[in-house]
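Student: What TrEMBL shows for this protein is this:
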- 6-26: transmembrane segment (TRANSMEM)
- 66-91: transmembrane segment (TRANSMEM)
- 111-131: transmembrane segment (TRANSMEM)
- 193-213: transmembrane segment (TRANSMEM)
- 219-239: transmembrane segment (TRANSMEM)
- 251-272: transmembrane segment (TRANSMEM)
- 292-313: transmembrane segment (TRANSMEM)
Amino acid sequence: MFKELVDLLFYPIFSFFWSILIKIPYKFLSLLWDLIKVIEKNEIINFLFFSIKKSNSDFNNFELPLFLKVFLILNIFVFITIFLVTILNCVFKSRNIFNKNNIFTIFKKTLPSAILIFIFPLILFTMLIFISKIFEILSLAWDKDPNIAKVTFNNLRHIGIDKNYWNSLSSDNNFNPLNYNAYKSLKVSTIEIMFFPSIVGFSLFVIFSKSLINVMNKIFQLFILFLVSPFVFSTILLNQNSKFLIWKQMFVSKLLSIFIFVFAFKIFSFYVDITTEWILNIEELTAFQKNFFNFFTVVGGSYGIVKISVLITKFFGEEIKMKNNFYESSNLFKNVQFFSNKKKIWKESSKIKSNNLKNNEKNVLGIMNEKIKNKKLIPFEIYENSFYSNVNTLFTKQQINNHDQIYNEMFIRINNVTT
């Protein structure tokens, strides 16, 4: 009677700690696994970029999404604008605009922008399908698609619990606590049952949570870059490809970093499935030793695979830290006009150029003042690049030869002096 009363009182506490330490981490891992499957099939990217749902992926009944139609219409308007700007540019440069050579030049200049504006969505869509097929072949090659949450949880079973009952807890990705009848019939402490599943689940939760946030952040950045792509392609001939090269590097690096993480996570899932099965089949090990080795295998493998994906992502110049990623997204969203507003870029570049000239002038004046204090001679090269060379018309390049020097204090020309 007393034992039943104690079990009745402590079962809610057990259920609470089970939910905090086991259910939440493994539900997160299960959610991460589902998200990885969605990303590898490009469902989330196709929906964001082209508004293509999973039900609309059948090419026999395929309809062009509304978002893609609007995007293509926007591309047409952008292309017309580019064409008119190019014509006006030729009008100002040449009086005979209707010359055949001038017309051919206009079409030749607008051709790269036109091709990229209309072909880029198709190229991107085809590339995403190709990547999804690679992941599909990879999954078929292993003859199974293991859920990392289920595999890890099932392999950390305590020997005092029935295997079928333990596996049933993760059958629907619920990871619910033991029911009251199973809790009453336990012959070992709940700490022994929860120890390895909780520390493994919580460790994986900490390791993969940052990676998941970074991946979703990069998908958002990729979406912003896709939206501004028509404006980027429209400026190919207006700013010597500078915006296009920046956009291309950002888009390719972010797309690759997303699929690098997905590929690394797939490798980790296969690694866990193989190694844990191998450890469980070692008969010389006790149940505690098997769980102990499973803990180091899973946690060490997850940490290593994340570090490898980070190393490869850094190779493409992508930010890894969560704080820097959020700053990058904020700056990208604020500076979308960088890819479409050419006037502001010219203002910024002229401002930077004027600041550089001012800084150079300050440096030259500083050197001249220092030479004056020390009563030394100023080399002609310093004087020639200074402000005084523009004001003092007596000293020109025709009047001063390479052997001339200027006395600092009075700026008197001294001829035929050798040093």
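Heads up, the Cβ atoms here are built off N, Cα and C, so glycines get one too.
Automatic prediction, not curation, is the source of TrEMBL annotations.
Please go over these features one by one and say how buried each is and what sits next to it.
Tutor: Taking Cβ pairs closer than 8 Å, the transmembrane segment (6-26) reaches residues 149, 152-153, 170, 174-178, 180, 183-184, 190, 194, 197-198, 201-202, 204-205 in its own chain, all 6 or more past its ends.
Listed as Cβ neighbours of the transmembrane segment (193-213) (distance under 8 Å, sequence separation of 6 or more from its ends, same chain) are residues 17-18, 21-22, 24-26, 28-29, 32, 35, 148, 152-153, 156, 158, 160-161, 178, 186, 261, 265, 291-292, 294-295, 298-299, 302-303, 306, 309, 322, 325.
Beyond its flanks by at least six residues, the transmembrane segment (251-272) meets 32-33, 36, 39-40, 131, 135, 138-139, 142, 146-148, 151-152, 208, 211, 214-215, 218-219, 221-222, 225-226, 229, 297-298, 301-302, 305-306, 308-309, 312-313, 316-318 of its own chain at Cβ-Cβ distances under 8 Å.
Note on the transmembrane segment (292-313): residues 152, 155-156, 196, 199-200, 203-204, 207-208, 211, 256-257, 260-261, 264-265, 267-268, 271-272, 275-276, 279-280, 285, 320 of its chain, located 6 or more positions outside it, place their CB under 8 angstroms from a CB of the stretch.
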